[in-house]
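Per TrEMBL, the features are:
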- 122-139: transmembrane segment (TRANSMEM)
- 145-161: transmembrane segment (TRANSMEM)
- 223-245: transmembrane segment (TRANSMEM)
- 286-308: transmembrane segment (TRANSMEM)
- 329-352: transmembrane segment (TRANSMEM)
- 381-397: transmembrane segment (TRANSMEM)
- 404-424: transmembrane segment (TRANSMEM)
- 430-449: transmembrane segment (TRANSMEM)
- 461-483: transmembrane segment (TRANSMEM)
- 489-510: transmembrane segment (TRANSMEM)
- 517-538: transmembrane segment (TRANSMEM)
- 558-578: transmembrane segment (TRANSMEM)
Amino acid sequence: MSNSLSLSLCPIPPLETPYQVAMASLALTPSSSCLLSFNHRPSLKSRSPARLTSTPSTTPKTAAFNASEFLLATPLLPTLAQSDNGILRSRPKKSNLTVKASAAATVTPAPPPWQGASMKPLLASVATAVILWFVPVPSGVSRPAWQLLAIFLATIVGIITQPLPLGAVALMGLGASVLTKTLTFSAAFSAFCDPIPWLIALAFFFARGFIKTGLGNRIAYRFVSLFGSSSLGLGYSLVFSEALLAPAIPSVSARAGGIFLPLVKSLCVACGSNVGDGTENKLGSWLMLTCFQTSVISSSMFLTAMAANPLSANLTANTIKQTIGWTDWAKAAIVPGLVSLIFVPLLLYIIYPPTVKTSPDAPKLARERLEKMGPMTTNEIIMACTLLLTVGLWIFGGMLNVDAVTAAILGLSILLITGVVTWKECLAEAVAWDTLTWFAALIAMAGYLNKYGLISWFSQTVVKVVGGLGLSWQASFSILVLLYFYSHYFFASGAAHIGAMFTAFLSVASALGTPPYLGALVLSFLSNLMGGITHYGIGSAPVFYGANYVPLAQWWGYGFIISIVNIIVWFGVGGIWWKAIGLW
């Protein structure tokens, strides 16, 4: 029977209180592996000195450390010294116990984890493309259009299942369209010249300066001091602040990214709700989703609240020869819009609640934090002035011939020149660049689906089917509305959807007996509300989704639920209101 060396260490403190002693059992095996185990012995009062003994070998419950030398640092144990009679005495001094093995490591380390794509989601995405690719092309659809549809839907499946980050999935979709000659390189990457993706990316850079300077925290603490006794009150204060700005800032991307995303992120951080540490549901998830869903509502309430709304008004004038004025739009939308703004945050508060709902001490704590922050720093003042300048250009840029993205670039330039934000910090904003990539890719593919004639074919097919059912105008219009609304899953831009389908659906609705002016207004309102169903359907979607507080599956799931609620509110409450003001 082989023997192993067992060493028990019992320090000799000058105290009488119980203490724990760690026993280290060292066993050197014939294969020269070094085995080490630790056991904790409860409350020992004996101060007997440690003895060196030889014991029969057993299989210890140990962890193997296959190294040529293992160093055990024991700063809390006394150094051992052997006296003449073989008894080990303690010496009040820190020391190291070193065990040397006679051979090198014998166990192969575990391989590194897989860093590539998740195979099942990737195969699902590829299978979608392959199946659709070989499905017979319907009559009236060109082969390139059908191929692009297969690649587009495969990309959407990949974005939902995420075998890779969103930007990588979208880039692979563009690559597939170029590889198969479905799109040219310039066509596939044409949307990188579109201002909207860049405006969204610039919004993230603004948010960096907003938080870095402390201005975001200062404003967030002010909001908390006024409304922070409850999460619901805080949410409503943001919702109606955004709605008040909506008619003055005609870009929902600018409102969401340049003003409210930095503010909401600062509020979340100030309330202890951060991304990646398990506290997202404390406040951030509900607040981000609420601010996004209500941004599409406020965009639908005013002619000047979304960049594509004037396009709806222009197409209405061309189709039915009637003009939608600013007052007419606001008058028709104000009642159902206000009902939605009140009801949607409350519904999300019930079905997707924050874990922290009330905080009576929050206003007092916020005021204390504001006092500790002291007066505004130079960087905060620069950030505030830059933000005011940018917002001013967003409001009055039409008169000065300055568009939203140009105003944002000017603002960022000021922040870079003054050092409030550095270019290295902009490059480190990975979410901004990722969002720019996948959003531009989807805009390009969706745009060419329209150019290749697929959308017009779809519109004409719907029109023929619905028109041949022989239903009342109310039933026919309801079917048209649902098809118009949920076909937005295929669009990454409200303007693209309006340009492709608005005229056809309005023409058919009017032909089937729908009051033309009512039909035009309803389709105009829905052209905003439908942006809430995905994370790419309207300019504010990638902004709030990119904050990473809400998982993609929940974003789409709750987006679908809120879409049903909005349709019920706008057709129910709105229908009564429109009857009262004589629209039908």
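Every residue gets a Cβ built from N, Cα and C, even glycine.
Long-range Cβ contacts of the transmembrane segment (286-308) within its own chain (Cβ-Cβ under 8 Å, at least 6 residues beyond either end) map to 231, 234-235, 238-239, 242-243, 246-252, 255-256, 260, 264, 267-268, 273, 324-326, 329-330, 333-334, 337, 340-341, 344-345, 348-349, 352-354, 404, 493-495, 498, 524-529, 531-532, 538-541, 543-545, 547, 549-550, 554-555, 558-559, 562, 566. With respect to Cβ pairs under 8 Å, the transmembrane segment (558-578) is most closely packed against 461-483, considering the stretches 223-245, 404-424, 461-483. Highest Cβ pair count under 8 Å relative to the transmembrane segment (329-352), across stretches 122-139, 145-161, 381-397, 404-424, 517-538: 517-538. Within the chain, the transmembrane segment (404-424) has long-range Cβ neighbours (under 8 A, six or more residues past its boundaries) at 195-196, 198-199, 202-203, 205-206, 208-209, 212-213, 250-251, 253-254, 258, 307, 379, 382-383, 386-387, 389-390, 393-394, 397. Put simply, of 145-161, 381-397, 517-538, the stretch with the most CB pairs closer than 8 A to the transmembrane segment (122-139) is 145-161.
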